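Enquirer: Would you mind keeping the following structure in view while I ask a few things?
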Amino acid sequence: MRILGIDPGLQTTGFGVVDVDGHRLRYVASGTIRTTGRATGLALGDLPGRLKVLFDGVSEVAARYQPSTAAVEIIFVNVNPQSTLLLGQARGAALTALVNANLPVAEYTALQMKKAVVGHGRAAKSQVQEMVRRLLELPGLPGTDAADALGLAITHAHAGAAMARVGEVAQLTRRQHAMYKAGRSY
């Protein structure tokens, strides 16, 4: 399974792609999508243009790496309501690009991601970077946005493995129930 993690942001959106085979994680790619500056020619005030750059960037990453699923960070309510609204719009552009690519999308809070990757939800960005580097056996630290995106992909891989185990237990329980009803022991 190939998972695309997205850490949405209006100025910089991180992405990370991880392959999962059983319990093995393999790094595929990571990077950032920037919505301002020389590369885009857009100013900070051009919100619609920046959202289009973000949508197109996420669409391009999804087309290039062909993930089977995606994981996106759920935003928190910031002290500044305007910042929260702007981040929500960026997140909406990223989600729309993923859904447009027919990808199932899972959502995780930063706390859930940090707990899954580092072991506790109050981890610093540097701790997330270091654990992502170790888990994916990277030669160097990824940038903070890319590390968060890779962390989301890792979180989803762990959640998928846990759900598969729950499914196996449910299958076993159904089988045991059927055997019990048929009068056989299990």
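Backbone N, Cα and C define each Cβ position, glycine as well.
Quick paste from Swiss-Prot:
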ACT_SITE  Asp7  active site
BINDING   Asp7, Asp145  Mg(2+) 1 binding site
ACT_SITE  Glu73  active site
BINDING   Glu73  Mg(2+) 2 binding site
ACT_SITE  Asp145  active site
Enquirer: Once the DSSP letters are reduced so that anything not helix or strand counts as coil, what is Asp145 (Mg(2+) 1 binding site)?
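Expert: Once the DSSP labels are grouped into three classes, Asp145 (Mg(2+) 1 binding site) ends up as helix.
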Enquirer: Fill in the CA-CA distance, Asp145 (Mg(2+) 1 binding site) to Asp7 (active site), as an integer in Å.
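Expert: Asp145 (Mg(2+) 1 binding site) and Asp7 (active site) have their Cα atoms 6 Å apart.
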Enquirer: Cα-Cα, whole number of Å: Asp7 (active site) versus Glu73 (active site)?
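Expert: The Cα atom of Asp7 (active site) is 6 Å away from the Cα atom of Glu73 (active site).
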Enquirer: Can you give me the same-chain residues 6 or more apart in sequence from Glu73 (active site) with a CB-CB distance under 8 Å?
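Expert: Expected: Ile6, Asp7, Pro8, Arg91, Glu107, Tyr108, Thr109, Ala110, Met113, Asp148, Leu152.
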